[in-house]
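As structure tokens, the structure follows; a few thoughts come after it.
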Amino acid sequence: MAAAEPKPPAGAAAAGRLARGCWSAFWDYETPKVIVVKNRRLGVVYRAVQLLILLYFVWYVFIVQKSYQDSETGPESSVITKVKGITFSERKVWDVEEYVKPPEGGSVFSIITRIEVTPSQTLGTCPESVRVSNASCDTDEDCVAERLDMLGSGLRTGRCVPYYQGSAKTCEVWGWCPVEDGASVSQFLGKMAPNFTILIKNSIHYPKFQFSKGNIEHRKDGYLKRCTFDEVSDPYCPIFKLGFIVEQAGENFTELAHTGGVIGVIINWDCDLDLSASKCNPKYSFRRLDPKHVPASSGYNFRFAKYYKVNGSATRTLIKAYGIRIDVIVHGQAGKFSLIPTIINLATALTSIGVGSFLCDWILLTFMNKNKVYSHKKFDKMADTPASEPSRQDSTLTDPRGLAQL
């Protein structure tokens, strides 16, 4: 009788089954099990969630946000400005060369509307301003000689002298005299200022899309010499009256001219480059930029001096200027159809529709009366039993009443 063949080791058999299982899993196709639950309320919730998600992506993501486009923000921009007009004060006539600072015509410039002039200042000794801290005194002992106050007008001499007017006394200083508040004269330049015209020439470029455009209409009939900006009839005539800019910013011109302030001219270039270039137009808006309701920092002023010689002595006229500073700010965004963001957002939309299934599954497993029946049908639980024992799987797959009553 032939000898019995030796059985392979148990470990080798297990490894063989594992290898066959892995090979089968590589080639086999798997699909999730679909269970139809006949429940009208749950079906309405499911379709409503899907409809809301679909509306969100179609209306907001694709129509409002234009997420099918590739976009670029912050265009390259250049700004050139030019102011024209004359005005007068109590003492003289002022032209552009005097009331516009700086004169280069950049994106930030100031139009002087009021000045406080301290004429004929020379280097010498005089009373310190009463507005300087610790400047008031009664005797010379209250004034420390050679003390330099960073907020003062000069170097203290150690003497206590009468002030320019009244009975007050302040410490004497060596510097440009008389000091600013001792002999200043105020002049208002704002009578004709609302009629000043400001040309704002702006050109933008979006390098990603190689798109460029300007805010001036190309005409050769002297159009710019006779037009002013109108949003409807003359959108490509960027000539604004100063009074119009202040009015659009919601400010009172007379008050602003006396205290000074900062007005922003915002040019927005939002361009849909899927349309023609004529649809890409600048939009202008105006608003005050400095905090006018904070007394410590409201208003706008600066100082400058004009130097000359009188009888060989250095002399200057100090001018404290109040004015309206114009800041031209350019921003925008351009978009154009691109396949990559379109595919990404479509895939996101299709994936998000599955939220409806997740929500309804959670409702079924948590709140429905037959949640255990649904869980029993939804998830197959198989125990790792020997091959000789009968499997319980068949008993779990039959349900005479089951989900039909959900």
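One-based numbering along the chain as shown.
Placed from the backbone N, Cα and C atoms, the Cβ positions cover glycine too.
Because TrEMBL annotations are produced automatically, they should be read as predictions rather than curated entries.
Annotated ATP binding site per TrEMBL: K82, V83, K84, T197, N301, F302, R303, K320, in sequence order. Annotation source TrEMBL lists compositional bias 'Polar residues' at 388-398. Here TrEMBL flags C126-C177, C137-C160, C143-C171, C227-C237, C271-C280 as disulfide bond. As annotated by TrEMBL, N-linked glycosylation site applies to N195. Residues annotated as region 'Disordered' in TrEMBL: 383-406. Here TrEMBL flags 44-62, 346-368 as transmembrane segment.
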Cβ neighbours of C271 (disulfide bond) where a neighbour is any other Cβ within 10 Å:
23
Among the disulfide-bonded residues C143, C160, C177, C237, whose Cα is within 10 A of the Cα of K82 (ATP binding site)?
none
Going by Cα-Cα distance, pick out whichever of the binding-site residues K84, T197, N301, R303 is nearest to C271 (disulfide bond).
T197
Name, in the order they occur in the sequence, the residues of the same chain whose CB lies under 8 A from the CB of C280 (disulfide bond) and which sit 6 or more residues away.
F211, K213, W269, C271, D272, L273, A334
Checking the spread of the ATP site as listed (K82, V83, K84, T197, N301, F302, R303, K320): what is the longest Cα-Cα distance, in whole Å?
25
Ten-angstrom check, please: count other Cβ atoms within 10 Å of the Cβ of R303 (ATP binding site), all chains counted.
11
Relative to the Cα of F302 (ATP binding site), which of the recorded positions C126, C137, C143, C160, N195 have a Cα no more than 10 Å away?
none
Measuring Cα to Cα, how far is R303 (ATP binding site) from C177 (disulfide bond) in Å?
16
Which of K82, K84, K320 (the binding-site residues) has the most other Cβ atoms within 10 Å?
K320
Just give me the nearest neighbour of C137 (disulfide bond) among the binding-site residues K84, T197, K320, Cα to Cα.
K320
